[in-house]
Amino acid sequence: MSEKKADGILEKKRTFKDYFMSIGPAIIIAAVVIGPGSVTTLSTMGAAYGYDPLWVIVFACFASYLYQEPAIRLVCERQMSVMDAARKKYNPAVPKFLFILLYLGTLVFQASNFIGAAMSMNYFVPGLSIVAWTNIMIISALAMALMSKQDLLENFTKVLVGLMVVSFVITAFSSGPSVGDLIKDGFSFRIPGGNWFLVIALLGTTMVPDIPVSLSALLKGKFMYGRPEEVNLPTLEKKKSAVFDLLVSLTVTAMISIAILVCSGSVLHPLGIQVKSASDMARQLTPLLGRYAGILFSLGLWGAAFSSGLFRMLLMPMIFNQAWGYEEDLKAARSRIISIGAGVVPMIIVFVFGSAPIWLVLSAQAINGMMLPAICFIVWRISADKDIMGDKVNTSLRNILLAGLFVITLFLSLRTFLSIIS
């Protein structure tokens, strides 16, 4: 049957096309996660260890699903974001403190995001300096964040993510990987270099601390304040749509991550060539695979860096309003100030220092290292709270898996602080 009764109303049954067209919030998270830091980590890992880390990427995407899934139940079943629920379960100061830490870290990482985008553009137009390109990227992203609506930015995200997929996947195929070696080495479950901390580092590229907070903020904006056809969907359809979106997002994240690793592992690892940055990777590929490979990789890097920076500007005011319990008006002065700060402060950092200085980056990494287990614990305990979740509370299996994930985030945090100390 093509139609069904729901709440006494005759409704058209949603098709695969409907679900595909509703892809949005989680794909934005993918755009945030795959930034220049992720591209750099994956490039250096592939160059150093070949295909060995591939299985870690698959595991990281599974862990990321566990980390984000409670946000879907929270929004669709209880009409609350993670910050809303944290205000209810804990002292209202808790979400405010988390936002302050998140925002401080974001200001620094924004500088890195837009420097990455600038380096990509500098590959094509070297006549403009990195600082000039950085300012152009920041101003462009800020204008888009202030002038566009969430659904328009979601559509723009699909274009950027599509650019990343096409650029990185074509470059990976052109590198001529051996399918047999991919399967044999990639799923050997060997620890790269015998170093567990490298596994933790790769997990960290996907397990960004605030992704459940950001996903819940975007889902709330879509299903509570978005287009009428999405706001009026039955709860079950909202959940199905959000889960489909998340699965597509994680599939895309895995495709992009694997493509970068394969490209580096196929071309650079056999020659013993090491890379220190994503832009360095693009330069190394040019003489080995031809100019088009460097062009494609640079386009993919631009998409990764620019999208990550742009959507931080969109997400910060959403999370701010939810942390403080304000009306969720992105056009309010307070919201615009938060967005502008996420662009202007990084611009000042780049203008003064020429890049993100190491002491600032280390400070931001320390903040992220502290936030990851804290947010994981909060998400776990909120989704296990019957007063908040009602009959949609975690099952015993979910509690065990989330407890295990919390332990993993503690190791991630430990690795971050040890790397800072060293």
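Glycine too: its Cβ is placed from the backbone N, Cα and C atoms.
Now, the feature entries from TrEMBL:
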TRANSMEM  20-42  transmembrane segment
TRANSMEM  54-76  transmembrane segment
TRANSMEM  97-117  transmembrane segment
TRANSMEM  123-147  transmembrane segment
TRANSMEM  159-176  transmembrane segment
TRANSMEM  196-219  transmembrane segment
TRANSMEM  246-272  transmembrane segment
TRANSMEM  292-315  transmembrane segment
TRANSMEM  336-353  transmembrane segment
TRANSMEM  359-380  transmembrane segment
TRANSMEM  400-421  transmembrane segment
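By the Cβ criterion (under 8 Å, sequence separation of 6 or more), the transmembrane segment (246-272) is in contact with the transmembrane segment (54-76), since 3+ such pairs are found. 196-219 is the stretch from 54-76, 123-147, 196-219, 292-315, 336-353 with the greatest number of Cβ pairs below 8 Å to the transmembrane segment (359-380). Taking every recorded stretch in 97-117, 123-147, 292-315, 336-353, 400-421 and counting its Cβ pairs under 8 Å to the transmembrane segment (54-76), the highest total belongs to 400-421. Non-local neighbours of the transmembrane segment (159-176) in the same chain are 27, 30-31, 34, 252, 255-256, 258-260, 262-263, 266-267, 285, 289, 292-293, 296-297, 299-300, 303-304, 306-307; each lies 6+ residues outside the stretch with a CB under 8 Å from one of its CB atoms.
For the transmembrane segment (123-147), the residues of the chain that approach it from at least six positions outside its boundaries are 110-111, 114-115, 117, 153, 156, 279, 282-283, 294-295, 298, 305-306, 309-310, 313-314, 336, 339-340, 343-344, 346-347, 350-351, 354-355, judged by C-beta separation under 8 angstroms. Panel annotation: around the transmembrane segment (292-315), residues 28, 31-36, 38-39, 106, 109-110, 113-117, 119-121, 123-124, 137-138, 141-142, 144-145, 150, 153, 157, 160-161, 163-164, 167-168, 170-171, 174-175, 214, 217-218, 256, 263, 278-279, 281-283, 285-286, 339, 342-343, 346 of the same chain, lying at least six beyond its termini, place a Cβ under 8 Å from a Cβ of the stretch. Away from its own ends, the transmembrane segment (97-117) comes close to residues 35-37, 39, 83, 86, 130, 133-134, 137-138, 141, 209-210, 213, 278-279, 301-302, 304-306, 308-309, 312, 316, 319-320, 323-324, 338, 341-343, 345-346, 349-350, 355-356, 360-361, 363-364, 367-368, 370-371, 374-375, 378 of its chain (Cβ-Cβ under 8 Å, at least six residues beyond either end).
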